[in-house]
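Asker: I'd like to ask some things about the structure below.
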Amino acid sequence: MAAPARRLCHIAFHVPAGQPLARDLQRIFGFQPLAVREAGGWRQLALRSGDAVFLVNEGTGPREPLYGLDPHHSVPSATNLCFDVEDVDRAARALAARGCIMPVPPTRVRDAQGTATYTVVSSPAGNLSLTLLQRAGYRGSFLPGFRPLPCTPGPGWVSHVDHLTLACTSGSSPTLMRWFHNCLGFHHLPLSPGEDPELGLKVAVGSGRGGLRLTALQTLPNSTVPTLVLAESLPGLTSEQDQVEQFLTRHGGPGLQHVGLYTPNIIDASEGMAKAGGRLLTPPEAYYQQPGKEEQILASGHKPSFLERQGILLDGDKDEFLLQVFTKSLFDEDTFFLELIERQGATGFGQNNIRALWQSVQEEAARAQGT
């Protein structure tokens, strides 16, 4: 591996000036402003909840935004993942030797609190770039060049990033998996026993309706780096687009489709977000009518009626449960969304929940089209 990622520092978005993403992250999802930078036509606002940090880059300018680049993408998008590495200069040399393109070479930024060094690497995943950051010893609240903002305690709904899901073109997962392995040290994480890394986990969603292929990647076991999930469509017999194909069309190619945010209490978090105006996906009614679903929910210590009212999905076995709720898209283009996830011993993603998400997205698309 050329530059093993040690932890996720932040996820960056690029949106037009005035787009409400930063406001919504605060008002609906409980993120709190951490630091800001305004220069050269850019307004860069870092927001935090627990260890999860989002950097919202608004506007455009003659120079690149600090710690990233301007993707010149036609729609709002999650455009950058920033990872901490041990030595940026060494990582850049190793990546260059592998043929990687670095639109921003190793750059040092200094302020009164210390120094950080970063480089930006183009990835094969659409408009997604990767920032490799070295900031050991930096004493500021975020990064050099940013002005710290007064810290106000938030509701604590989100503790950290659980996983990152990339929407990929059909057949591209093996190539992407090798790239992330060779360049950042990610390894295949089986989602089912005996899973072939080249094939991933196939989740069929219905007769003739295709499905999804999921390939999960992680760095070292017990690492704080979130799991990376590659999602691509499986061909079906109908012309109906699934959520991955819809993302590729509306986003203009592959990219970061959603971020799974870990919550220690999905009941409180989903209820609070809904009261704040959050738009959560409604699971299909049949999901809660499945044989054994009520008993499964009761065994987890929850009330079926409440989970259904909040749109919370539950999957699991014995004493290990997975609870998930998904937002509608944060952008008008109906692309990127967020997921809240609470794990009660479960480590996977729940095939039944994946099918329910697929159907929820299809039903939401049908409602939007008035069909």
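Each Cβ is built from the backbone N, Cα and C atoms, and glycine gets one as well.
Residues annotated as Fe cation binding site in Swiss-Prot: His163, His258, Glu339. According to Swiss-Prot, the domain 'VOC 1' annotation covers 7-135. The annotation domain 'VOC 2' is assigned in Swiss-Prot to 160-328 on the grounds of sequence analysis.
Each of the listed features needs to be described in terms of its position in the shown structure.
Answerer: Long-range Cβ contacts of His163 (Fe cation binding site) within its own chain (separation 6+, distance under 8 Å): Ala216, Pro226, Thr227, Leu228, Val229, Val259, Gly260, Ile341, Phe349.
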Asker: When you measure from the Cβ of His258 (Fe cation binding site), which residues in the chain that are at least 6 apart have a Cβ under 8 Å away?
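Answerer: Listed in sequence order: Thr165, Phe326, Phe336, Phe337, Leu338, Glu339.
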Asker: Translate the DSSP assignment of His163 (Fe cation binding site) into the three-state scheme.
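Answerer: Once the DSSP labels are grouped into three classes, His163 (Fe cation binding site) ends up as strand.
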Asker: Within the same chain, and leaving aside His163, His258, Glu339, name every residue whose CB is within 8 angstroms of the centroid of the CB atoms belonging to the recorded Fe cation site, in sequence order.
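Answerer: Counting only non-site residues, the set is Asp162, Leu164, Thr165, Val229, Gln257, Val259, Gly260, Leu261, Phe326, Leu338, Ile341.
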Asker: State the count of C-beta atoms found within 10 angstroms of the C-beta of Glu339 (Fe cation binding site), not counting that atom itself.
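Answerer: Excluding its own Cβ, the number within 10 Å is 22.
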